[in-house]
Each structure stands twice: as structure tokens, then as C-alpha cells.
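Heads up, the thing below is written out as C-alpha cells.
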Amino acid sequence: MRLKKLYLKGFKSFGRPSLIGFSDRVTAIVGPNGSGKSNIIDAIKWVFGEQSKKELRASEKFDMIFAGSENLPPAGSAYVELVFEENGEEITVARELKRTGENTYYLNGSSVRLKDIRDRFAGTGLGVDFYSIVGQGQIDRIVNASPEELRLLLEEAAGVSIYREKKKETELNLERTKANLDRVKDVLFERERQMKSLYLKAKRAERFKEYTAQLEELQKIYYGNVFKRERKKLEFYQEEEKKTNEKIKNIQKELVELETKWSTLRSEFGEMDQEIERYTKLLEDYKKRQNDLVEMKGFYSSKLADSENRYVELSTRLDELEKRREEYKKRLEEMEYIFKGVMGDYERKAKELEEFEKEKENLLSRFSEKEKEFLRVRDEISKLEKQILKLENELLRIGETLEDLEKRRKITENQILTRRRELEDKKSEFKEISKRVEELDEEERKLTEELNAVRERLEEIEGEIRRVNLEIDAKEKRLREIQFEKEMIERDMREYRGFSKAVKVVFEEKERFPGLVDVVSNLIEVDEKYSLAVSVLLGGTAQNIVVRNVDTAKAIVEFLKQNEAGRVTILPLDLIDGSFNRISGLENERGFVGYAVDLVKLPSELEVLGGFLFGNSVVVETLDDAIRMKKKYRLNTRIATLDGELISGRGAITGGREERSSNVFERRIKLKHLEQEMEETEKQIEEKRDELASLKTEQENLKNQEKLVQRELFELSRKSSSTKTVLSEILRSINQLQEEVENLEKLLVEYRAKEEGLNARREKIFEEIDELKQNRENLQKSLTEYSEELEKEKKILDELNEKIFTLRAEVGNLLETKDRYEKEMRDTGKMIERIARETEDIKLQMTSLEEEMENYRKFIREHEREIEHLKKEMDSVFEAMKLHRSGKEEKMRELQEVENRMNELKEEKERLRNHLHQIDLALQETRLKIANLLEEFSGNEEDVEELGEEQLEEVYRQIKDLENKIKYLGPVDLTAIDEYEKLREEYEEILKQKEDLEEAKRKLEEIIEKTDREAESLLFDVYQKVNESFNRFISLLFFGGEGRLNIVSEAKSILDAGFEISIRKPGRRDQKLSLLSGGEKALVGLALLFALMEIKPSPFYVLDEVDSPLDDYNAERFKRLLKENSKHTQFIVITHNKIVMEAADLLHGVTMVNGVSAIVPVEVEKILEV
């Protein structure tokens, strides 16, 4: 790939479109400072997306757009286009920035993204990170770079920055991983502590759930069996109730039948006597009273039954409350007992914890003191080891230095001999070259004289050329004036200016008149010397219109009349008379010029017009001639003089001079004069041009001669300069060699002195190392003892921490248990008090019910006694009736039987009602038990295995045992199980994270190690290649010699090492850069720069005034470097050095006029001359 062209429009100082072509090898760009040369480099960077305003030397992006100048307005946009050639095909890349802020990139004419351009040129060295552009001052930075900065240059060439970035990123990830690992460890520790705290709660909750599950199962069995039995009782009582109700119903039915029968029997006694009636009525009254008493007794029995039911309910509730109170009291006693135990455990554990804390504090104090002592001893050992290492390193350096000194001493001795031989050779060479310089100076003087002579003649010719050019300009100006004046006259003639209106109107409408010829003045041709006389003779007839026939004349007259355009005289050729007579002898008179008709010229078809206009009018030379001839020949014709005087046929003389010429032929005469002058002027111009061409030819020949002499002089000057430079270099080399010999001799003395000093120092170091090692051994023993003690105490401290941690967890659990028991004891006490209040209330209700039931029983007994009394009274009445009834005994007996049967049934009914009441009480009690059982048992009774009495009692015993176990567990937090399980899962997850982080840490450490290895290998490989190339370029620039990059630091890795430049000029020892001249330093920098370029080649390189520090001698060397490398790549060099320009295949000049940069063609010879 090669850069072919650069096109700029509106970019920075390039306000006008500019095109720069590039050579395939070396292109030089020259021009004064501030002309805009560096803007060309900025343009190349800008096209490839450079964003840094510092790199582009701008304060904002719109600084890229031309800001305008005095003569040129600001540009609307900045446009830069680069044209490359690759495999015979052109590639164009461009960028445009508009003032609206629109920024567009183009690739082969198509709008693309910056990323597309970078992708297209990836790996070519082109793009945003240009390493192919070497700016001003970069050479100085390379030469004066520190060892670390040189390493960074090599790293940049090797691309190690990618590895460093990767390592940096990996190290950041490693630090984050370590931080995460530490955080995870802290979280794990906290989770372990929380798990230990929750473990006991969770276990207690698990036992609670286990006991509760067993209790529920046993309760299901027990209450299921009890439920079954109570259901059977309920069914039995319900059946018994049903049977009893059925019996009462049957009795009631029979009683109804008996009462009906009794009423019937009673009615049969309606006809009895008064006594029987009275007894009957009395019996009825007794019967009614008996029924009322029975009803009252039933009412009170019902009330009594209700009260008894309520009493049974209250009694049952009272029993339950008593039972619950006893249970709560027992639970309270148990809790108080447990609470005392918990408080005892808490106080004992708290005291034990306090003792452990004190013990830990004392142990930490002792541990801290010992640890400080341990660290102090370790630091002392570390210091001793550093001192030993330092001394051992010093020993190594001394050994290496002694070896080096011995080598150097031998080399120095050899160098002294060599330098002395070189000194003699240089002196001989100096004499020869001095003679050659004198010869070259003489040749240069002669050529200079020849060149001055040529230049003097050139100056003369340039003066003549300027003169001829001025004359040509004046002639061309006069030619243009003549041309203008001629055109004005011709226009006046075409437009008939100066003629009457009528004449102008006729000729404006000449298409109307086919026979129209012209006015008289335009048809006559006359010699200039006769023109004034002929004009006087014509007078006003000069404006007469000539036509071919009368018809045309009539048409013109009619046209003028119709349009009222004026009057005109018309001369029809078919009507006018042109005859005249000549005067005999007149032609021989002195002063006679001729007949006017003979002095004018007319077309052959207009000959009649001459005779008509002039007749025999005569033209003479003077007025005297005219008067003389008039008198002598008594002429009656007009006579005109050449000066314009006129004698009429009757003798009137007209003469004088008007301000404005009255010559009707003046225009035509002037036109003729102008044509003649034009022809003459053109001829003169051509002659001057021939003269100018001749002068320029001579000038060109002289210039060629000047160039030839100048080239010879330049070549001679270059040879002289080069020879003088060589002579100066030889002289400098002689001085340097003399100085080197002196320095080498001094150095030899220094080497010997240093060897003695180093040997003495080495012996001293051996003694110091032995002493330090002995001290280190003693301290190491103390360190081992401290380490063992610290390890033991650390073990004790760890055990103590574990105990403290466990005790803190136990104390915390005991505090929680204490709080729970206190709360439960308070709740239980409140419950006992509430039960006591409810018990008292029930007892008061039961006392009231007992009094109420006693009253009901009393009423029932009174009614029963009264019923019994009535029964006896009725029996007495019946007995009395038996006595008073006769014949009706059978009826009476039957009535008595019915009455007795009714009483039996009533008693049976009453007994059944009492039995039914007992059944109701049993049913209520059973239903209440079943209702209470439903709170304990909610399953299907069919699923419950039926147990015997002993088995059921065993189940009940197990239930009580489990209830006691549950009570002794105390308050239970069932959420502890889920919390513990969740915490355990979190712990396992965090543990897995810890393992993952440890694995990630290991892998990241491996990546860092691998990255370091790869970067070291890459940097070392590049270092070797750069060293090889650097040595080659040094040999090329210094005509031999060696150049090396040496590793100077003792770092373990080359990535941390420093580098320094070592130069050995031909036949000399290694030299530091500080001892080299400024130009030599610049050459060294260029050699290293070109060596770095070889590592990462680019299609082209731009060198911006890198040769500024070089003198002519070193510039010659740089020129060799450019020519050598231009075989393989393309160089664009911005320079002021004429020697460097010689290496260019193509030169471009940059100049600035009125603030606008422009590309101008440059002649190499002129640049070299300057």
C-alpha cells in the first residue's frame, strides 16, 4: 500500500483547494516556519479519526475549518481526502466537518463509520494510534529517555500494552475476587455464629414438633375412642328418650280414653239424686283441683329440671375450671422451678463468660507483647538479611567489576596502542585532505567569478526584457485605442450621425426603398489633400440621397410627407444631368490642380453623379490662384482652393476657419488614418515581440549556463564542504584521539587504583557478612522460640474464643429462655386469677340455683302432699257415694276402676317424666362432652381403632407424659426450624461461593503468571530484533561502529527492567550518549526510531523536522539512512535542510499569503541555491 495523493479544502490554513502528490520513495515538503507544513500532518491524523485536540493543535473541533482571511471568506466545511494505491487499485478515505457540526467519513466515496475505516486499515500502522508519524522533538525525547522510558518505547513497539492492560484488568479482578473472598469469609463466620445460636432453638422446635405430632396421634386415638363411647351413650339416651316419650304418649292416649270413659260414666250419674250430684260436683271440683295441682307440679318440675340442667352445666364448668386452675398452678410451679434453673444456669454461664473474657484480655495483652517482640525480631532479621543480600550483591558486583576492570584494563592498554597508531594515520590523512581543500577552493573561486559574470549579463537582459515589455504594453494599449476609435467612427457612419433627421429616417427604413443607394458623401472617394476643396464644393449636397430611379425618389418623398419626418434632396440617377464643358487653356495655368470631377472617384454606375455634383468646378492651390484665374478667364464656375476657400460663379468669395471642421470627408479620412496607424502599430508590436523572444532565448541560455555553473559550483561546494567537514572531523578526531590517549592513560591508572580498592572492600565485606550471619542465626533462634510461644498462645486463644463464642450463644439463648418463661409465668398467673374470678362467679350462680331448686322442690312436695290429700278426700267422697248410691254400685265400681286406673297412669306418667328428665340431663351432659371432644377430635371416628379400657388408660398416660415433655421444653419458636434451614442453605451457598472464588483466584493468578510470561517473551523477542536493527543502522550512520540496548537494572523480570543506549564508534570504546555531539545524539535517536519502525512497519512514515539538530555532516548520514530505507517503504519528510532535500524524489513547497496556505511548485536547484 502506498500513499499517492492528499487533497485539502477548507482545512485549517488551506482555504483554497490544494492537491499534494507523493513519490513512492521520498517526498520532501519545504517552506518557511508558520506556512502550514505541519497542518498537512494534522490532516492525515484527522482523516483517520484523531480526537485529541492537543494532537491536532486545536482548542475545539471547529478549529479544523478555515477561519477566513482578508481576501478569502471563512470556509463552510473542512474536507480532507487521502488516496492510496494497493495492488493496482485506488483506495480513497476522506473526512468532512461542516460548521453545522455534521461530521462524515468516506471510504471509496461512500459514507461510512469511523470503525469501518479503522477496520479497513487495521494492522497497517494507520489509524487513530499513529506510530508512523514522528513529530518535532520526539528524537530528543528518545535520546534523553530514562531506562524506564526506553523500556516503555520497546513495550509500545512490541504491543506489550495489551498484556499490561490485560494484567491490570486481571489484577483488578483478582483484588475484587480477594475482597469478595474476604467478605464471603466474614459472612461465613457470621452465618456460623448465627447457626450455632439457632441450632438449639431449631432442635427444641423439632422436638416440640415431634412431641406434638405424637401427642396429636395419641389424642386422636384417645379422644376418638372417648368420642365413640360418648356417641354410643348419646344414642342409648336418645333411644331411651324416644322409648320414654313413646310410653308417655301411650299413657297420655290411654288417659284421654279413660277421661272420656269417666266423663261418660259421670254423665250416666246425671239423673242421680241431689246428694250424689253434690258428691259428683265435689269430685269434679277435686278433680279440677287435682289437675291444677298436677299442672303446677309439672311446671315446677320443669323449672327444677331447667335449674338442675343449669346447675349441672355450672358444676361441669366449675370442675373444668378447677381442673384447669390446678393445671395452671402445676404449670406455674413447674415454670418457677425451671426459671430458677434457667436463672442459675444464666448466672453461672455469665460469670463463666466474664472470667473467660478477662482471661482472653490478659492473654491478648501477653500475646500482643510477644507478637510485637516477634515482629521486632523478624524485622531485625529482615534488615540483617537485606544487609547480607546487599553485601552479597555488592560482592557479586565487586567480582563482576573486578573482572570487568581487568578486561577493561587490558582493552585500555590495547586501545592506547591502537589510538596512537590511529593518531599517526589521521595526521597523514589531514595533510593530504588539506591540500585537496586548497585545490577545491581555487576551483570554487573561478566558478564563482564565471557565475557572477553570467548573472550580471542576466540582469542586463532582464532590464532590456522589462523595457521591451513596457514598449509592447504601450503599443498594445495604443492599438486598443485605435481599434476603439475606428469602431466609434464606423458606428457613426452606419448610424448616419451628423445627417438630417429625414436622412436618418429614410435609411432606418431602407428596406422599403429597393432603389436606395446612399448619401453623396458616402459614395465619393477623394484624396486627403483635395478633400477640403471637394467638401467646400459639395456643401449641403453631401447629405443628398442618391437613388437609382425617380420612382424610388417619389416613394421617399411620399414616405417623408406621411410621417412628417422632414425634407431631403434626392438625386435620381435616371433623371439628373452630369454633362459639363472643360475650359480651354485653364489646365496649363500655374496653381491649377484639376477639375473637381477628375479629383474624386465614383463607382462606374455612378459616373453621372460626378458631373451633376461638380460640373466644371475647378480646384486650385491658393486663393490668389483662384482670383487670378477667375479674372483671366472670366470663369462663371466655382473655384475651390486646397485650403477650403471658395469663389462662386458670380465671384463671391467664401473663406475662413471654423472651430469644428466642416470637411464632410473627415470621418473617412480619419478612418483611413486609423487603419494605417493600426497596421503600423501591429507591425511594430510584432517586431518588439521578435526582439523579446530573442532576449528571452538569450536569457534562457544564460540561465542554463547559470544553472550549469551553479550546479558545478554547488557540487564543488558540496565536495569542498564535505571535504572540509571530513578535514574538520579528522582534526577533531586527532584532538579526540590525543585526548582519548590521555584519558585512556588516566583511566588505566584509575582501573588499577579501583582494583586495589575493590579487593580491600571485598575482604571487609566478607568479615561483615560473617558477623551479620552470626547475628541473624542468634535472632532466628529467638524468633523460633517466640513463634512457638505465639503458636501455643494462639491455640489457647482460639480455644478460648471458641469457648467464649459458645458461652455467648448459650447466654443469649438463656436470656431468651428467661424472657420467655417470665412472660409465660405472668400470662399463667393472669390466667389463674381469671379462672379464680370465673370460679367464684360460678359458685355464686350455683348457690343461687341451689336455693332456687330447693324452693322448686318445696313447692313440688307441697303440691304432692296436697294431691295426696285430695286423693284421700276423693276416696272419702267415693266411699260416701257408695253409701248413698244404691243399685249403682256396679257403675260406681266401674267408675272407681277408671279413676284408679287414671291415677295409676298419672303416676306412671309422672314417673316416666322424671325418668325422661334424668335422660335429658344425661343427654345434655353427653352432648356437652361430645362438643368438648369435637375441639380435641376432628377426624373420622371410623378411622380410629377401638381400644379396651386398659389400653385407653395407657394411651391417656402417654398423652399426659407427652404433655409434660412439651411443658418442660418451654417456649418454642417454630420459625427457628425454617430459619435454621434457610441459614444452612445460605451457608452452603456461600461456602460454594467461597470455593468458586478461591478457584477464580487461582485461575486469575495463573492468568497473571501466563500474561507475564507471554509479555516477557514478546518483549525479549522485540528487544533482540530492535537491538539487531539498531546496530545495523548505527553501522550505516557512523560508517561502522556498534549500537546496543543494554538491560541495566537487576529486576527479576524484563518487564520491570530498564534499558540504556550504548554506542561504540569505529575503532573506539563504548561511549555514553552524554559524550556525543548534538548531531550524533540525533543520529542515534533516528537509528533507534528506524529500528522501532522495522518492528511495526507502516505503509508510509512522516518525519516532521527530525533533522533539525543535524549539521551538514550528520545530515549526509541521515540522507543515507533515508535512501537506504526508502527502498522498502515510503517517506514524507518535512525539512529545512537542503542536504536532506537531495534524498527526495519529489519536492513540494508550502507558502502562506494573507493567511492562506498554498502548495507551490519547487525547483530543486533554487532550494539548493538558497
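Glycine residues also receive a Cβ, built from the backbone N, Cα and C atoms like all the rest.
The model shown is predicted, which means the values in this text are computed figures rather than measured ones.
Residues or ranges marked as ATP binding site by TrEMBL: Pro32, Asn33, Gly34, Ser35, Gly36, Lys37, Ser38, Asn39. According to its DSSP assignment, Ser35 (ATP binding site) is coil.
Note on the coiled coil (160-187): its mean pLDDT in the predicted model is 78. Annotation comment: TrEMBL describes 160-187 (among others) as coiled coil.
Annotated coiled coil per TrEMBL: 227-492 (among others), in sequence order.
The feature domain 'SMC hinge' is assigned by TrEMBL to 514-630. Counting residues of the domain 'SMC hinge' (514-630) by DSSP class, helix then strand then coil, yields 60 helix, 21 strand, 36 coil.
According to TrEMBL, the feature coiled coil maps to 664-1017 (among others).
Within the same chain, residues 154, 990, 993-994, 997-998, 1000-1001, 1004-1005, 1007-1008, 1011-1012, 1014-1015, 1018-1019, 1055 sit at least 6 positions outside the coiled coil (160-187) and bring their C-beta atoms closer than 8 Å to a C-beta of that stretch. The local packing around Asn33 (ATP binding site), expressed as other Cβ atoms within 10 Å of its Cβ over all shown chains, amounts to 8. Close to the recorded ATP site, the chain also has Ser13, Gly31, Val1150, Met1152, Ser1157: residues not among Pro32, Asn33, Gly34, Ser35, Gly36, Lys37, Ser38, Asn39 whose Cβ is within 8 Å of the site's Cβ mean position. All chains included, 11 other C-beta atoms sit within 10 angstroms of the C-beta of Gly34 (ATP binding site). Within its own chain, Gly36 (ATP binding site) has Lys12, Ser13, Phe14, Val1150, Met1152, Ser1157 as residues 6 or more apart in sequence whose C-beta sits under 8 angstroms from its own. Counting only residues at least six positions away in the same chain, the Cβ atoms of Val1150, Thr1151, Met1152, Ser1157 sit under 8 Å from the Cβ of Ser35 (ATP binding site).
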